[in-house]
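Copied from Swiss-Prot, the annotated features are:
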type: TOPO_DOM; residues: 1-58; note: topological domain 'Cytoplasmic'
type: TRANSMEM; residues: 59-79; note: transmembrane segment
type: TOPO_DOM; residues: 80-120; note: topological domain 'Extracellular'
type: TRANSMEM; residues: 121-141; note: transmembrane segment
type: TOPO_DOM; residues: 142-152; note: topological domain 'Cytoplasmic'
type: TRANSMEM; residues: 153-173; note: transmembrane segment
type: TOPO_DOM; residues: 174-216; note: topological domain 'Extracellular'
type: TRANSMEM; residues: 217-237; note: transmembrane segment
type: TOPO_DOM; residues: 238-275; note: topological domain 'Cytoplasmic'
type: TRANSMEM; residues: 276-296; note: transmembrane segment
type: TOPO_DOM; residues: 297-307; note: topological domain 'Extracellular'
type: TRANSMEM; residues: 308-328; note: transmembrane segment
type: TOPO_DOM; residues: 329-343; note: topological domain 'Cytoplasmic'
type: TRANSMEM; residues: 344-364; note: transmembrane segment
type: TOPO_DOM; residues: 365-383; note: topological domain 'Extracellular'
type: TRANSMEM; residues: 384-404; note: transmembrane segment
type: TRANSMEM; residues: 408-428; note: transmembrane segment
type: TOPO_DOM; residues: 429-440; note: topological domain 'Extracellular'
type: TRANSMEM; residues: 441-461; note: transmembrane segment
type: TOPO_DOM; residues: 462-471; note: topological domain 'Cytoplasmic'
type: TRANSMEM; residues: 472-492; note: transmembrane segment
type: TOPO_DOM; residues: 493-548; note: topological domain 'Extracellular'
type: TRANSMEM; residues: 549-569; note: transmembrane segment
type: TOPO_DOM; residues: 570-615; note: topological domain 'Cytoplasmic'
Amino acid sequence: MSSSVVGASSNKKSGIRQSCEIIERERHSNDDTYSMTSTFFKLKENEIMSAQFDSLKYKILLISTAFVCGFGISLDYTLRSTYTGYATNSYSEHSLLSTVQVINAVVSVGSQVVYSRLSDHFGRLRLFLVATIFYIMGTIIQSQATRLTMYAAGSVFYNCGYVGTNLLLTLILSDFSSLKWRMFYQYASYWPYIIIPWISGNIITAANPQKNWSWNIAMWAFIYPLSTLPIIFLILYMKYKSSKTAEWRSLKEQARKERTGGLFENLVFLFWKLDIVGILLITVSLGCILVPLTLANETSQKWHNSKIIATLVSGGCLFFIFLYWEAKFAKSPLLPFKLLSDRGIWAPLGVTFFNFFTFFISCDYLYPVLLVSMKESSTSAARIVNLPDFVAATASPFYSLLVAKTRKLKLSVIGGCAAWMVCMGLFYKYRGGSGSHEGVIAASVIMGLSGLLCSNSVIVILQAMTTHSRMAVITGIQYTFSKLGAAIGASVSGAIWTQTMPNQLYKNLGNDTLAEIAYASPYTFISDYPWGSPERDAVVESYRYVQRIIMTVGLACTVPFFTFTMFMRNPELIDKATHEEFTEDGLVVLPDEENIFSQIKALFRHNRSNKKSGC
């Protein structure tokens, strides 16, 4: 494997030696001379560093350090998603769990683009360190929060750090691997999920989050940064090694000659390069539309509140303003329409959106559903929630080797979507009661296989469709669509929950005070009313009713999910970091093979022509 993971280093070095000629062609190609050259130099630095990873020991070190970093991120995320439920429960606002999730996802939409674009300009490592600082700040604020608004504010900082570290870790692994082995490298940070599901439940039980959730979150302010140190030191060492090469010195000398512009020019460049106006418009728009859906419920008659209505209308207007800005004024639009017009780009992005939409709509309230309506312990519930990650992580090395052999991914994504349909059907059938244990486990296993076949495969397909200069941007857009799907999915599930659950609890319990407790603090409720009690049975029936609605919506959304998979292109995963030949405007030009619907249509035409000729 070692001889083919990164590709032919001699080709990379020869390309680097031609950098001066390319710069001369590009330096005056448009008004953004500073942006062109600075971005170009950072990408070339990555290519020189990539050549240093040709040695087997450095490849092993890269994968190992990514594993350690991924372990810190993944274990914290797994535990914190549970601790968030206990935090909202302590505020007696557990029903607003999805509101926190929506706020996280909305913030992610804008931050993904910022990280991806700045990483081309300032380098991956610098942005990785910035993301780590946000991560620590958010963790500290969340741990000290005494009310939901303060916890949500901490979630903004934490989520900026979380999505940044994930995105930049993906970009770092992509820079230093070939397309053929890209899947293997990217899954290295995911392998900790082989271990996490079996220890997270025990950790949660031992940590007693109902009383100690604040300290349980706070400890990650120093545990997580420790997990990032190995990969940070490795990149710094490889940068030191690269600085000793003639190519690096030549590139730095040329960079000093080409450096132009002062502070004002840099700020103007960043304003247009990041599309600050576009980011603000889409972030505020989504916040105005999605967050009120999880806040309004019939018990408080908030839908009759003029503030809720005005917020929704404002969000819709801002969204149309965003589209107009992107089409008419943005110099570097968040959604590069020319790039997105090719089905090799828009189809995988559609798959990404519906993949995360269906996941969040089905799993946003899965942990409380397991505890309240399926008689699972906190340990068992945590393991079931994390079972899909375990399945995907365990099978990922074998899947990555298969991908390296076949070098194609489209059929895998189609199979993953089909598995999602089966998974959602099982979640619909086994949505509550003592007989749901085995069915939910089966659904979780299939969900893991679906995630394995879809999620990272779509990232690699998109990276295979673009050049190195566009790789970070298109990866950032993919992450943005994933968070957009997550935001809307969490918002829809939250809206259904807040609109339906209170009435069902009032109806089945027949006691307004008891219904309020069951709705606002379900974990407290189940400790007072054991399994089999009439009150608990009434709550279980309410949960089953609401889950039926949520899973019906999720099952319906697998149809457009499957449709988008049919239109994807199927680029070959070559033994280089990206396709650089046969490109146009940063997009790889592939033979315009027909999508599967066109092929089916052609097949029916062929059959009809045969029948006519037979007559």
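Each Cβ is built from the backbone N, Cα and C atoms, and glycine gets one as well.
Ranking 121-141, 344-364, 408-428 by CB pairs under 8 A with the transmembrane segment (549-569) puts 344-364 at the top. Counting only same-chain residues 6+ beyond the ends of the transmembrane segment (217-237), those with a CB under 8 A from a CB of the stretch are 49, 61-62, 64-66, 68-69, 71-73, 76, 79-80, 83, 87, 124-125, 128-129, 132, 135-136, 139-140, 142-144, 165, 169, 172. By number of Cβ pairs under 8 Å, the transmembrane segment (441-461) is matched best by 384-404 from the list 59-79, 276-296, 384-404. By the Cβ criterion (under 8 Å, sequence separation of 6 or more), the transmembrane segment (344-364) is not in contact with the transmembrane segment (276-296), since fewer than 3 such pairs are found. Within the same chain, residues 1, 4-7, 46, 49-50, 53, 62-63, 66-67, 69-71, 73-75, 78-79, 82-83, 86-87, 89-90, 124, 143-145, 377-383, 386-387, 389-390, 392-394, 396-397, 399-401, 403-404, 407, 456-457, 459-460, 463-464, 471, 475, 523, 573-579 sit at least 6 positions outside the topological domain 'Extracellular' (174-216) and bring their C-beta atoms closer than 8 Å to a C-beta of that stretch.
The transmembrane segment (276-296) and the transmembrane segment (308-328) are in contact, since at least 3 Cβ pairs between them lie under 8 Å (pairs 6 or more apart in sequence).
Within the same chain, the transmembrane segment (59-79) packs against the transmembrane segment (153-173): three or more Cβ pairs sit under 8 Å, each pair at least 6 residues apart. Between the transmembrane segment (472-492) and the stretches 153-173, 384-404, 408-428, Cβ pairs under 8 Å are most numerous for 153-173. Here the transmembrane segment (384-404) has Cβ contacts under 8 Å with residues 1, 74, 78, 81-82, 180-181, 183-184, 187, 190-194, 196-198, 200, 363, 366-367, 370, 376, 412, 440-441, 444-445, 447-449, 451-453, 455, 457, 460, 573 of the same chain, all six or more residues outside its ends.
Mapped onto DSSP classes, the topological domain 'Extracellular' (429-440) shows 8 helix, 0 strand, 4 coil. Panel annotation: around the topological domain 'Extracellular' (429-440), residues 369-370, 373-376, 384, 531, 540-541, 543-544, 547-548, 551 of the same chain, lying at least six beyond its termini, place a Cβ under 8 Å from a Cβ of the stretch. Helix, strand and coil counts under DSSP for the topological domain 'Cytoplasmic' (329-343) come to 5 helix, 0 strand, 10 coil. On the 0 to 100 pLDDT scale, the topological domain 'Extracellular' (80-120) averages 75 in the predicted structure.
Listed by sequence, the residues of this chain that lie at least six past the ends of the topological domain 'Cytoplasmic' (142-152) yet keep a Cβ under 8 A from its Cβ atoms are 80, 84, 87-88, 91, 93, 96, 99-100, 103, 158, 214-215, 217-218, 221.
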